[in-house]
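Swiss-Prot annotations:
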- K48, R51, Q86, R103: isopentenyl diphosphate binding site (BINDING)
- D93, D97: Mg(2+) 1 binding site (BINDING)
- D93, D97: Mg(2+) 2 binding site (BINDING)
- R102, K190, T191, Q229, K246: dimethylallyl diphosphate binding site (BINDING)
Amino acid sequence: MASDLKSKFLHVYQTLKSELLNDPAFEFHHDSRQWIDKMLDYNVPGGKLNRGLSVVDSYQLLKGAELTDDEIFLASALGWCIEWLQAYFLVLDDIMDGSHTRRGQPCWFRLPKVGMIAANDGLILRNHVPRILKKHFRGKPYYVDLVDLFNEVEFQTASGQMIDLITTLVGEKDLSKYSLSIHRRIVQYKTAYYSFYLPVACALLMFGEDLDNHVEVKNVLVEMGTYFQVQDDYLDCFGAPEVIGKIGTDIEDFSSWLVVKALELANEEQKKVLHENYGKKDPSSVAKVKELYNTLNLQGVFEDYESTSYKKLITSIEGHPSKAVQAVLKSFLGKIYKRQK
């Protein structure tokens, strides 16, 4: 069933792409159509597609029955809107961070003929979302709520990115700016809203629910998103590269839960080691930081955090009156609890 759903989901991508390449609001010529075609294929469908597929999964769990072809198409279209939004964030994020690779291939802006055209491509990706929503949801009673939801989540994500950028200004490796509360705010706004809340909120709207009645669901999903990012930081340092599929850079980079915890637990001498070595790319500095993490037993600290977070999340989920909503939230948690990559 899962692979069948994924193939249907990918088929919807082709349909949406074809519609966008023939959007009557713009007079395409061969070169521009070819550019958009290549840009979309390079940036939109390349990831794990978890966010997009979660809309379909969540809607199915809310409905509690087989979905019609029309429902699969609409839930998939909303899922793809999230993947489009994600592509827009990543294309611009990579330019801001000066990154080299994304999903195992060069970042879009690193391609010889792309460069800073990628900034405009990011804007086009962002503007495709309302085009898709208008074409397929304009007649739905929840259309305005959908548009509002995407606008709000985009604002929250961009604001989270801003806190991250101004806290970790390149060249100003100032650990004193960093604390658990700042880390939490960055994660909440930059990751949790669009990765965890948005897919479920889309499914709830499509199911006819009023999001104002589901503030508790939002809170649980934001907590889940925070837990997911802490896992990510942990795996970046302690996960096996062949399992996580990338080489960790958090000791060289910056905003990691591990360094925040280390600062909290370290004595003055250990803090000095951190301040002198954190954020540097040379292997000896990275090794010193990792050695300090081991001395502070951050693996044990993370395991405690993981089990406490899990128990709190389960308690919150089981307090929800709707069994269908519980199933949606438990399905999300099941995908990430104790993951290795």
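Quick reminder: no glycine exception, Cβ is built from N, Cα and C everywhere.
Shown here: features listed in Swiss-Prot, placed on the structure.
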| residue | record | Cβ within 10 Å |
| --- | --- | --- |
| K48 | isopentenyl diphosphate binding site | 10 |
| R51 | isopentenyl diphosphate binding site | 21 |
| Q86 | isopentenyl diphosphate binding site | 23 |
| D93 | Mg(2+) 1 binding site | 18 |
| D97 | Mg(2+) 1 binding site | 14 |
| R102 | dimethylallyl diphosphate binding site | 20 |
| R103 | isopentenyl diphosphate binding site | 13 |
| K190 | dimethylallyl diphosphate binding site | 25 |
| T191 | dimethylallyl diphosphate binding site | 21 |
| Q229 | dimethylallyl diphosphate binding site | 23 |
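Shown in sequence order, G46, G47, L49, N50, G52, E83 are the same-chain residues outside K48, R51, Q86, R103 whose Cβ sits within 8 Å of the Cβ centre of the isopentenyl diphosphate site.
Rounded to the nearest whole angstrom, the C-alpha distance between K48 (isopentenyl diphosphate binding site) and R102 (dimethylallyl diphosphate binding site) is 12. Once the Cα atoms of K48, R51, Q86, R103, the listed binders of isopentenyl diphosphate, are compared pairwise, the greatest separation found is 16 Å. Note: the CA-CA distance between R103 (isopentenyl diphosphate binding site) and D93 (Mg(2+) 1 binding site) rounds to 14 Å. Ranking the binding-site residues Q86, D93, D97 by the distance of their Cα atoms from the Cα of T191 (dimethylallyl diphosphate binding site) places Q86 first. In this structure, R102 (dimethylallyl diphosphate binding site) is part of a beta strand by DSSP. When the binding-site residues R51, K190, Q229 are compared by Cα distance to D97 (Mg(2+) 1 binding site), the shortest distance belongs to K190.
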